[in-house]
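Remarks on the structure that follows.
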Amino acid sequence: MQHVTRTLVTTALPYANGPVHLGHLAGVYLPADIYVRYKRMKGEDVIHIGGSDEHGVPITITAEKEGISPQDVVDRYHRMNSEAFRKCGISFDYYGRTSSQGHHDTAKEFFLEIERKGIFRRKTEKLFFDAKAERFLSDRYVTGTCPICNNPEANGDQCEQCGTHLSPTELLNPKSKLSDATPELRDTMHWYFPLGRFQEALEAYVASHEHDWRPNVVNYTRTWLKQGLNDRAITRDLSWGIQVPLDDPEACGKVLYVWFDAVLGYISFTRQWAAEAGDESLWRAYWQDPESRVVNFIGKDNVVFHTLMFPAILMAWNEGRQSGIYNLADNVPASEFMNFEGRKFSKSRNYAVYLGEFLEKFPADTLRYSIAMNYPENKDTDFSWQDFQNRTNGELADTLGNFIKRSVDFTNSRFDGVVPFSCTDDDWNVLGIDWSQTIEKLDQAYEQFHIRETASLGMDIARSANRFLTESEPWKVIKTDREAAAKTMALSLNLCYALAITLYPVIPETAGRIYAMLGFEGSIDARIKRGVSAIEELLAPQLHKGHRIRKESEILFTKIEDADIEPELKKIEKLLADAEKLEAAALSQEMTFKPEISFDDFLKVDLRVATVLGAEKVKKAGKLLKLQLKVGTEARQVLAGIAQFYSPEEMVGKQVVLVANLAERTIRGEISQGMILAVEGADGRLCVVEPVGDEINGQQIQ
């Protein structure tokens with residue numbers, strides 16, 4: 001990596017159509033804040049930019065359901081989420097809005113520049129039009145039957161039952177959500193961004209980061225690149241959003257697609273931050289200086305938007321320029337998912353713990369620490385109330401809080417609240433803690449985004465400090481050797497300071513309270529200054545003889561009793577019971593036998609044994625596999641919605657049951673010549689039916 005003088009950290013914009021939950025916090029906002037606070041603690045020049053994503057169809061649907069305007073919807077959730085972030089200690093330097101005029105101006109500027117260069121393509125396509133409502137229908141406004149699993153309530157963008165990504169025109173029996181009428185296909189023109197034009201440049205960009213990006217990010221991005229990048233629409237027929245800024249009849253009633261608009265918020269919000277800081281050109285130092293570094297914190301469901309699409313937009317802007325060139329992200333630390341009590345967070349089923357509601361009951365730092373210790377870096381993790389209780393009580397209260405309080409109380413009671421001894425560097429280094437190595441480990445962990453390790457290292461120091469104080473027994477030693485007890489307490493107080501510094505990025509409010517108990521004026525945030533590294537202070541004792549601490553200690557963490565989490569556990573029981581009822585109802589529906597058919601009707605279905613010769617994922621359809629089958633002497637291609645449960649490699653060589661005389665159809669631009677049989681288990685997993693036997697390929701199943 002090149003020499004870096006400043007760092008710009010961005011976080012994926014939460015959608016202003018609902019409250020953020022703990023899964024969002026764990027995946028994006030907390031790790032970003034911990035990283036930013038560490039960079040500040042090192043004295044580095046870093047800014048933290050975030051904001052609300054306030055455009056898109058789900059917002060207009062919510063507004064129509066509630067009989068209010070889209071602006072009312074985003075105002076509500078922007079306020080709610082920004083306040084929840086503030087209470088949680090997420091320290092944005094600027095938290096913007098994509099509905100702001102400043103953002104609209106930036107997005108239009110990018111559109112016009114890329115349009116001026118002739119990069120966009122205009123394409124006429126057939127989209128559904130609701131004649132009753134007199135408007136084109138975006139994907140979420142169309143519902144119908146899924147062509148893969150026959151779910152009658154599939155949406156125009158995805159079937160929630162089988163997970164297949166769809167387009168509205170693939171639905172069977174489509175209906176408009178606006179009028180319940182059957183929509184008709186009409187021609188409409190849209191602007192497209194040619195991602196394929198930048199394929200080679202994007203491949204080189206990803207290759208340059210294959211050793212410093214997380215493997216999941218590199219692998220997922222390369223899967224898309226391997227499939228080949230296609231043109232992607234950047235406009236849609238909608239009234240809510242950023243209007244296409246052209247004096248052109250074809251631009252009327254069209255807005256920028258949210259995938260193009262939202263990522264530009266990182267730039268527009270940085271511009272707005274600079275303007276409010278009194279220097280309208282300051283943003284350029286973070287976006288356009290080659291010695292600046294951009295880091296995008298995201299969840300794994302946002303990877304390609306930040307490793308392919310956003311970089312391609314910036315490449316399009318930079319093309320042919322000698323100045324005003326934007327930096328591409330230096331790292332895109334995408335997390336896995338944090339689940340809740342063994343299941344995925346689900347807003348639609350209200351199976352979630354919302355951040356604002358959580359903070360009404362429990363302190364922010366207990367949550368920050370619990371999530372940091374369970375950060376989903378390389379695999380999905382799980383938030384449970386029991387684990388939260390155990391970490392708060394056993395680690396924060398009994399280990400960290402207990403040590404701090406004992407140290408402050410004993411100093412106040414036996415040494416009049418004054419540091420009683422001047423510790424030397426040699427004294428500091430015989431504690432059993434290698435401070436140079438600790439600083440090196442912390443720095444490596446932060447720079448590699450190992451959030452769990454950073455929190456764990458801090459708690460390891462707390463355990464060592466607690467052990468040192470307990471084994472030294474100053475309450476006994478003081479009776480015979482006051483100086484030895486004084487030395488113990490001076491070292492303990494310096495350990496309190498070291499813990500405040502070490503754990504500041506993870507539990508900043510608690511670090512500030514420790515800092516205040518140690519007798520320092522002002523806040524610990526004010527102590528963290530650009531150009532001065534607080535982390536280097538760990539190398540030597542910082543509290544010297546005669547320094548006065550605060551006379552009163554405080555309990556840093558109140559233990560969480562069973563009664564405190566009992567309402568939450570009961571709430572989970574109800575949510576799980578409701579989910580089980582839905583699953584039981586679905587199972588009951590599945591167990592209802594279909595109407596009786598005649599034997600002649602049964603004979604019409606031609607079931608054959610087929611062998612899978614090849615398998616691959618279908619482009620931009622995460623749940624579909626394209627199977628190449630051998631059926632006797634014939635070759636067939638079949639699409640199957642099983643990619644979530646079987647890898648292509650697992651399918652090759654399997655014998656499957658093929659519905660051989662099913663009418664051919666086109667799905668996602670691919671021909672499917674039949675259907676293979678699978679069974680859905682109670683857990684939702686699809687299991688392919690595999691006939692067993694030798695030399696049965698092509699044989700009819702009777």
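Counting starts with 1 at the first residue shown.
A Cβ is built for glycine as well, from the same backbone N, Cα and C atoms used for every other residue.
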Swiss-Prot record, motif ''KMSKS' region', of the ranges 154-158, 344-348, 379-383 the matching one is 344-348
Between the candidate ranges 14-24, 399-409, 432-442, 520-530, where does Swiss-Prot place the motif ''HIGH' region' annotation?
14-24
Candidates C146, C149, C159, C162 (binding-site residues); min other-Cβ count within 10 Å returns C149
Sort out the residues at least 6 away from either end of the motif ''KMSKS' region' (344-348), same chain, that have Cβ-Cβ distances under 8 Å to it, and list them.
18, 21-23, 337-338
Model confidence over the motif ''HIGH' region' (14-24), as mean pLDDT, sits at 96
For K347 (ATP binding site), which residues of its chain lie six or more apart in sequence with Cβ-Cβ distance below 8 Å?
G18, H21
Within the domain 'tRNA-binding' (601-702), how many residues are helix, strand or coil going by DSSP?
7 helix, 50 strand, 45 coil
The motif ''KMSKS' region' (344-348) resolves under DSSP into 0 helix, 1 strand, 4 coil
Secondary structure content, the motif ''HIGH' region' (14-24) (per DSSP, counts of residues)
3 helix, 2 strand, 6 coil
